[in-house]
Amino acid sequence: MAATFFGEVVKAPCRAGTEDEEEEEEGRRETPEDREVRLQLARKREVRLLRRQTKTSLEVSLLEKYPCSKFIIAIGNNAVAFLSSFVMNSGVWEEVGCAKLWNEWCRTTDTTHLSSTEAFCVFYHLKSNPSVFLCQCSCYVAEDQQYQWLEKVFGSCPRKNMQITILTCRHVTDYKTSESTGSLPSPFLRALKTQNFKDSACCPLLEQPNIVHDLPAAVLSYCQVWKIPAILYLCYTDVMKLDLITVEAFKPILSTRSLKGLVKNIPQSTEILKKLMTTNEIQSNIYT
């Protein structure tokens, strides 16, 4: 193409660039075999909510099937151990379902016989007050599975007359502060709540520019969008494996309205926690 006036910059056609684009286009074309592999992987990564006893899928979302006024979600081993010791041992809880999922870090293929070291995601309600729900989730829910998890649990149009409490942990090195993280009294709690959550938190609120991650962030964002009162308690710790001091760092939450009345005997619960830690140490010891 010739220039039409002096000084005009003319781009000469480049065949090499065209060939590269054609090769990229061919690479993007999906073969029937590729499509089949992709569909199989998508089916494998599908999140399913099951009745644990019958292994059949729930026809509707969990909270559409059961009315809920209070929902406590523990995500990660230390948060799960806290609920197991202080909440579940203070009342009679009935299992209503479990999540089955598969990803790079989680294989919840068999949830019938679980030990404290296995990954799982199980839902319960309190027999004396069935509108109080609890979720223990020690498995990793991948980014592409989080929306599925929310849909299966909350549904597409959730009720707003319930309160959500989320407990989880992050490593203290994820905490952004002008101070040295080595000088921080680890473990420590921070809270983040939705606009509709009006109760006071039992610890300082999470400071900017700190952010939350993974499933806890997805649940809190979902609650913010749907105007559901929700609060996330985040324990920053330097020990991410099951740890007595980290679990006990959640204790201030026992005085909040969300958990008040669910814990009857704190000294007894502390003893149960110590037994749980001892059992876990024995199971984790390769020499026993």
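Backbone N, Cα and C define each Cβ position, glycine as well.
Of the candidates Lys55, Lys198, Lys260, Lys264, Swiss-Prot marks one as N6-acetyllysine, and that one is Lys264.
Note on Thr18, Thr112, Thr181: Swiss-Prot annotates phosphothreonine at Thr18; no matching annotation appears for the rest, which is not proof of its absence. According to Swiss-Prot, the listed position annotated as phosphothreonine out of Thr54, Thr109, Thr256 is Thr54.
Across the compositional bias 'Basic and acidic residues' (26-35), DSSP helix (H, G, I), strand (E, B) and coil residues number 7 helix, 0 strand, 3 coil. Of all the Cβ atoms in the protein chains shown, 12 others lie within 10 Å of the Cβ of Lys264 (N6-acetyllysine). Non-local neighbourhood of Thr54 (phosphothreonine): empty, since no residue in the same chain at least six residues away has a C-beta under 8 Å from its C-beta. The number of other Cβ atoms within 10 Å of the Cβ belonging to Ser180 (phosphoserine), over all protein chains shown, comes to 7.
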